[in-house]
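As structure tokens, the structure follows; a few thoughts come after it.
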Amino acid sequence: MPELPEVETTRRGIERHVTGRRVTSVIVREPRLRWPVPGDLAERLTGHTLGRVLRRAKYLLIEVDTGLLLLHLGMSGSLRVVTPDAPLRKHDHIDLCLDSGRCLRLHDPRRFGAVLWIEGPAHAHPLLAELGPEPLGKDFDADYLFRSTRKRRVAIKQHIMNSHVVVGVGNIYASEALFLAGIRPGRAAGRLTRAECARLVETIRQVLGEAIAQGGTTLRDFVREDGSHGYFQQHLRVYGRTGLACMACETPVKQIVQGNRSTYYCPACQR
């Protein structure tokens, strides 16, 4: 599933092709995504100029003078900038054609993504209203994380993956951040000290920043706006390295299951 670094990579990649461009046509080949694509989407967009491309958690928001276009990449979706005559692939569901002669094309094999229209303030939309702070923003700091963990028995990895606590810390990045912080993923969140929370905030920021700089992580489906892959998978320290030597101490990396997801950690470095 595209996580925060992949979505931010997509945002940066498409913004220069989208902002300031007028929509000349909208092609909806498959309206049955996670939620139905609005039937009047073409009417709402055609002839209008697109503004900034924003990101909130894993949602992309494209400004239009009459509202906001919300996009979500689901489990395996991607957005590519193509020419109108670019060969269609199976699961290319929606094109936004622009006056530049380019199209923004949504590819979504599992159809778990979303293309929705927002009128009114974005923060009040049901999909956005209950989200926690951005991990790279000023509201996510040591004091906030420490307060959020008090009296919580849930494992710290599951705690930081809860989008009500903080957004965008997906499975890969949670394992990597906890490794760098030296914190075992199964520890109860409420047992962390303030110093450990401060360290974890910094490693979450570090890992996400590194992943964005590398264009995200491509394990299966994710591609960037030009069809290229992300490269952060080449820099993973523990994720997917079961039985291999820890890069810090050479102890074999362990794999466990938490909340139906694989977790990777070093039993010597993380406590």
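Cβ atoms here come from the backbone N, Cα and C positions, even for glycine.
According to Swiss-Prot, the protein has these features:
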ACT_SITE  PRO2  active site, schiff-base intermediate with DNA
ACT_SITE  GLU3  active site, proton donor
ACT_SITE  LYS58  active site, proton donor
ACT_SITE  ARG261  active site, proton donor
BINDING   HIS91, ARG110, ARG152  DNA binding site
ZN_FING   237-271  zinc finger
Integer Å distance between the CA atoms belonging to LYS58 (active site, proton donor) and ARG152 (DNA binding site): 25
Rank the recorded positions LYS58, HIS91, ARG110, ARG152, ARG261 by the number of other Cβ atoms within 10 Å of each Cβ and report the first-ranked residue. LYS58
Counting other C-beta atoms within 10 angstroms, the emptiest spot among the active-site residues PRO2, GLU3 is GLU3
Spacing of the two Cα atoms, GLU3 (active site, proton donor) and ARG110 (DNA binding site), in whole angstrom, works out to 16
Rounded to the nearest angstrom, how far is the Cα of LYS58 (active site, proton donor) from the Cα of ARG261 (active site, proton donor)? 19
Pairwise Cα distance for ARG110 (DNA binding site)/LYS58 (active site, proton donor) [Å, integer]: 17
